Amino acid sequence: MGTGYYIRKPVGIVGIILGAGALATIIALSVVYSQEKAKNIVPPTDAGTTTSNPHVTTTTPAPSNKPWTTPAPSNKPWTTPAPSNKPWDKYRLPNSLVPDNYNVTLWPRLTADLTTGLYIFTGHSSVEFECAEETDLILIHSNKLNYTKLDNGKFARLVSVNSAVKAPSIKDSWLQNVTQYLVLQLDGKLVKGHRYHLYAEFTGELADDLGGFYRSEYIEDGVRKIIATTQMQPTDARKAFPCFDEPAMKAVFYITVIHDHGTTALSNGKEKESTNIIVDGHNLLKTVFEPTERMSTYLLAFIVSDFTYISNTTDRVLIRIFARKSAITAGQGDYALNKTGPILNFFEKYFNSSYPLPKSDQIAIPDFNAGAMENWGLITYRETALLYDEAFSSTSNKERITTIIAHELAHMWFGNLVTLRWWNDLWLNEGFASYVEYLGADEAEPDWNVKDLIVLNDVHRVFAVDALTSSHPLSSNEDDIQKPAQISELFDAISYSKGASVLRMLSHFLTEEVFKRGLTTYLAEFAFKNAVYTDLWTHLQMAVNATGILLHDPVENIMNTWVRQMGFPVVTIDTDTGVVSQNHFLLDPDSKVTTPSHNYEWIVPITWMKTGVKKELVWLREKSDTFDAMRATGSEWVLANLDVVGYYRVNYDRGNWDRLLSGLNTNHMLIPVINRAQLVDDAFNLARAKIIPTVLALNTTKYLKNEKEYMPWQSTLNNLDFFYLMFDRTEVYGPMQDYLRQQVTPLYDYYKNVTDNWIKIPDRHMDQYNQVTAISLACRTGLGECQTLAERWFKNWMDSGENQIHPNLRSTVYCNAIAAGGTKEWEFAWSVFQNASVASEAEKLRSALACTKQTWLLNRYLEYTLDPTKIRKQDATSTIVYVTNNVIGQSLAWDFVRARWSYIFNEYGGGSFSFANLINGVTKRFSTEFELQQLKQFKADNADVGFGSGTLAVDQSIERTMANIKWVAENKQNVLDWFEAEAISK
Ligand SMILES: *[C@@H]1O[C@H](CO)[C@@H](O)[C@H](O)[C@H]1NC(C)=O
Ligand SMILES: *[C@@H]1O[C@H](CO)[C@@H](O)[C@H](O)[C@H]1NC(C)=O
Ligand SMILES: [Zn+2]
């Protein structure tokens, strides 16, 4: 899905919750994705991974058969075929029928039916398909649609296109709800090679469930407005009209929408004509669209609204930005409009393939579950992902808009023009877009260095998930992914962020030129068709062969080690001997991996430097190898994985660690900034895995008193989040706060100085981020000056009614002021939230409202999350997760979710992708035996209700809690001693 976005830019949005709360960034194990990027968590690989069947441990290498020679095991119990062998009990369509084109007419009603109170749409559609294998059965997807019986007494009518062949008649027609089919049994066979038309009339509900054809509501000028919009991916086109709803079933779509005067209808194609039409005495408009290109059903979109737009034209492509009238009038679409053309051009050049459609519409929808959706020619966004207002939006809001636009535009080629054959290859689609979004954003905003941020936003974030035994390989078997819920589960951090990380590594070792060349021929060969991921390897190999770059192994062999087995290696470099070795990196060293068919060895490209001097890339192609050049003497140090282009962690012998640390302390500029961030992240995670002592990891933070750059600071905060989660209810908390306050004070003073006492905003993008980091950490650690500042700014706003807080600083300031304040501050923020006309402002308030220390306010806020008139459904789970970031809110949120699980599950289960975030969120502090028991009880109590897309998250939470319990037991005293010593020594 278009960037079913987890929050990628912690800074400035969340991540700023003070003292009490944890930063809402991604923490080593506590994977908190905000609902925005809310996809859910990894497909269940094996429910029993943590305890059962310890065939293979990480210390016992599997036999040396190369992993790619063995097909990935099918260890997913729930994929066993349904007991019945009737074709309509299978989730996948048979191969007998192939659609060619559809004519679809839809009429959504934007007012509720007076008698039933329902919002509905009606429609009729016909599909022309070819019979590829003789059959007397038609299965076509259909979900939650009611059909009108036609003159033949059946739900559909079948005619032959060729008048010489007579179509059999329909013997029986019914709906198969579980597998979501309209089933038509014929009294004779369809003839192979012949074409038929199937026609049906139907009614559906235009519900507020964020899936299929649905409705979104908003208030404008005191008037409640309704729009009809769609979200088809992955399997909800079938909720709008009967269709062969699989990505390989590409067809041409002729769309017609009937709608009220005063509204505009949009779809993938350009509007061809809009004419008056009278239906049942209603005077209406009928808008006919140009036929689409040959495309997949999940990329369709139809929208009816009274939105307005701005437009321009780039290279004959009409670019339009649609949104609520007041948002467009306020200029909130301007930024997106200015950036779309350049990014589109960039991708045309990058792919060497022109954008095939005459128009590119982008529209901001008030209720939208994911971040954005790449419908071909009509991209839908959350408002915060498209609309920018200088007076309200922070730098990180702006960056998010640029990167999401780039992500969606990249899908116009990668995903839309060439589509993966089935959802098991989703990772390639999403991973690719998640990688090149940085390239597109860099083109749009070349001064930002935005490409560096993939390391924090994707690589580090997914390392946390992929270091668990409950992770899963990027690539799934086609047969293992059948049901809609299984498909939805693929939209996770592994697909997006690991996909992006390994593709970035691939592009680097091939060189960008070769990578682009392979992409270009891949897109050319499969345009308007479907591919599987190995087709891309084939084309990249062709590019390698054509350009003659030297690779010891075929692209496919290298990539199989990264794609077909889960996890990643830690590469250990012994600078005394030059021996370099690799091991599967597991955050919990005692956990067991139960997929014995993999050997957990990778073909690892190692970029490196010695004491600041960059060296030639080396390949680690075995479990271990010796590179004499990597031996270091005297004060020399070796640093590997430059700029973290490789998807692996690095460990060194203790001597080299010490020399690196002393390098950091004496002249940290010798080490590239991304690697400074990496040394911290590697050290903390190696310590978590008991590979190095925790004290060594803590020592990497000592140099920070001299560090002014954003990435190392943010990396440190991300890692310390885990310490906050584990210790913010213990005696470690005080000394930890003292130490961190000491470390951050110079940074705080630096920015105070640079900004003329907080009047200006730093020029550089990264400095703007780091200013936020400085303030949020200073306030969080109780630096009095910072807290006073935040309270004063907020009070000025309350008193004067004029908000003079810079948008970059608002999240932090709001949160701190609300935490320090009481009911008055909370109510003030709540009323501003309710009336906010800019989504990114509302977003900042919504997270800050969770910062209060008042229990009753937090409980009431939790109740609000289940009242859609107060908190939109799309925001419900992320709001609950915000509450869990607050140390006081954690247990309240857990009680809340436990008590109402079945209600939440049923009410919000539909199109919602966010259960995994919710479960990970409410359990992230769990670190006691008691909490573990509660969690297990929760799992048992709700076994009958189920956890839907959060199923795996429950198991991951149990695994994580067990690891936390052990970690706290082993580390608490050390950590306490260290903080006490360091806090006093200053
Ligand atoms: C849809 O309409 C087009 C154009 O009017 C026509 O050529 C095509 O045959 C129709 N297809 C179906 C399935 O009715
Ligand atoms: C479809 O039919 C069911 C059962 O009669 C009914 O409850 C539902 O409201 C109908 N849906 C629409 C949109 O008319
Ligand atoms: Zn996407």
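The backbone N, Cα and C atoms fix where each Cβ goes, glycine too.
Straight from TrEMBL, the features:
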TRANSMEM  12-33  transmembrane segment
REGION    42-84  region 'Disordered'
COMPBIAS  49-60  compositional bias 'Low complexity'
COMPBIAS  61-83  compositional bias 'Polar residues'
DOMAIN    98-299  domain 'Aminopeptidase N-like N-terminal'
DOMAIN    335-562  domain 'Peptidase M1 membrane alanine aminopeptidase'
BINDING   H407, H411, E430  Zn(2+) binding site
ACT_SITE  E408  active site, proton acceptor
SITE      Y496  site 'Transition state stabilizer'
DOMAIN    637-960  domain 'ERAP1-like C-terminal'
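Listed in sequence order, the recorded positions among E408, E430, Y496 whose CB lies under 6 angstroms from an atom of ligand 3 come out as E430. E430 (Zn(2+) binding site) has a Cβ environment of 29 other Cβ atoms inside 10 Å. When secondary structure is read from DSSP and collapsed to three states, the residue listed as 'active site, proton acceptor' falls in the helix class. Mapped onto three states, the DSSP output places Y496 (site 'Transition state stabilizer') in helix. If you take the Cα of Y496 (site 'Transition state stabilizer') and the Cα of the residue listed as 'active site, proton acceptor', they are about 13 angstrom apart, rounded to a whole number. In this structure, the C-alpha atom of the residue listed as 'active site, proton acceptor' lies 10 angstrom from that of E430 (Zn(2+) binding site).
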